[in-house]
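Have a look at the structure below before the remarks.
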Amino acid sequence: MSKESLSKFGVRPLAMKCQFCSNPATMHLTTIINRKKRETHVCDACAEERNILPGKSSEMPINALLQFVLGSNPGIEKESDETACPECGLKYAQFRSEGRLGCPHDYEVFKERLEPLLLKIHRSQNHVGKVPASLHSARQAQEMQNFRNQLLEAVTRENYEEAARLRDLIRSKEQLDETR
Amino acid sequence: MKLDSMLPQLGEWLRGTGPESDIVISTRIRLARNLADMPFTNRAAGIQKAEVESKLRETIAKLNWHSPLHYIGMQDLNALNRQFLVERQLISREMANVLEGPRGVAFDDTESVSLMVNEEDQLRMQVMRSGFALDQAWETIDRIDDMIEQKVQYAFHDQFGYLTACPTNVGTGMRASVMLHLPGLGLTKQIEKAFKAMQKINLVVRGLYGEGSRASGDFFQISNQMTLGKSEPEALNDIRSLIHDTLKYERFARSTLLRENKQALQDRVARALGTLQSATMMTSEETMELLSAVRLGVHMHLIEDLTAPLINELFLQTQPAHLQKIIGEALDGEARNAARARYLRQRLREISPQAN
């Protein structure tokens, strides 16, 4: 995320005047069209009167940020923009213009295009953190099964040292689960 | 539940207590969640939204939470009442204004837990605490999340974590915000410097009412921006350490002001109070600025009769929807400004009669 895009969240000097009347400006809008940045400073009354508020949406700056990132995404090919998610029918082009995905499957369908985007927004492409408990236990069960398979294989290969290591590992993990 | 009965009470987050409450107003953590195999709210058909709503409403109703959670359908509320809930931070402005179809919110009596259904994400959970209380807020919301997750299957991806409608929330889906009152940094003109430091480590500074709102009266919300690549405790630690620094700077600014400009500060506080006690027209913007100065005066012991919870109360009750509900009629901007000034005069006379 660039400093420039973040500065949109920053707070501007309080003394800024409304562009339409002389009241103090209370809204500071940044619009980016064709990569050209334009700033508008207005007071509540003029914003409402002239309908310049973007739907009074609480998500405005995040949208602006997303548009900024989407707009500067290089190597956009028209063709892949038209690929639609088989579940919800969303096309990447629609996501580009609306800034919202349509369903959980979109993350898989548009994975290759989302990864660089996520890297820009979060400086990461991988979740680190909470995992639903159901998945957590499924993952653990899978891991244990893998250890058991490896143990069997080690015994078959008569690699008893490795087998003993795996046996102890499985035991300690089982004990840990029991104490939980 | 009758919303009017909430009118005289303050939510837990406005109690004016808790750690560092001279500077930190409140702490809020929200989690964004969606159900597996369902389109997100913006793309769901009416019938799907209704399905999500009834499933989540039922789950919330059966939640074994220690205090009852009241569920209200948005369709049962008029615009004024929706705005009322926005002012109490129980629903987002988006929930009040934008989305169509079945949607609702559940919250507890203390207004510290709120669960929005069919907002931008199907479930937006929020926990609020008075003062600087990131750990308590996280523990509570984590527990609620676990309880709900036992009943429904969330949309979760091995690589991307909890899936959300907007990629800016994907991963943990967690946004932690701390609301600060920084008049010292404002008066000593160091606020911009503080913001730059925050932005450098990817925290976001916003006005009081979240994204898109302006910071007024030296009230600011600091939140984490990134939700992918950092665990929840790591993200909370980032905010925590920055807030600790900010508190140090704000306290230093306040003590410098007291040492070097006490008379000017006293004058500023007294003028603010005087204006609140005698003006006949008052915008919510100006009210916020003046209450900010008075709040500083209370915490620096420059004012005796007033307390922080009272300032919080005035601050909440003078918001447009609250004010109209107190007066009992819909008022346009100008009439509201007159009613607001009248209300402030009256309340301050009740509390501090000798000051008049």
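The chain as shown is numbered from 1 upward.
Keep in mind that glycine also has a Cβ here, set from the backbone N, Cα and C atoms.
Note: TrEMBL annotation is automatic and uncurated.
If you look up TrEMBL, you'll see B:23-253 marked as domain 'Phosphagen kinase C-terminal'. According to TrEMBL, the ATP binding site annotation covers B:26-30, B:Arg124, B:175-179, B:206-211.
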Nonlocal residues around B:Ser26 (ATP binding site), in sequence order (Cβ under 8 Å, 6 or more apart):
B:Trp13, B:Leu14, B:Gly18, B:Met128, B:Arg129, B:Ser130, B:Gly131, B:Val178, B:Met179
Relative to the Cβ of B:Arg175 (ATP binding site), which residues of the same chain, six or more apart in sequence, are found under 8 Å away?
B:Ile29, B:Arg30, B:Ala32, B:Asn169, B:Ser223, B:Asn224, B:Thr227
Mean of pLDDT values spanning the domain 'Phosphagen kinase C-terminal' (B:23-253):
91
Count the other Cβ atoms sitting within 10 Å of the Cβ of B:Val178 (ATP binding site), across every protein chain shown.
28
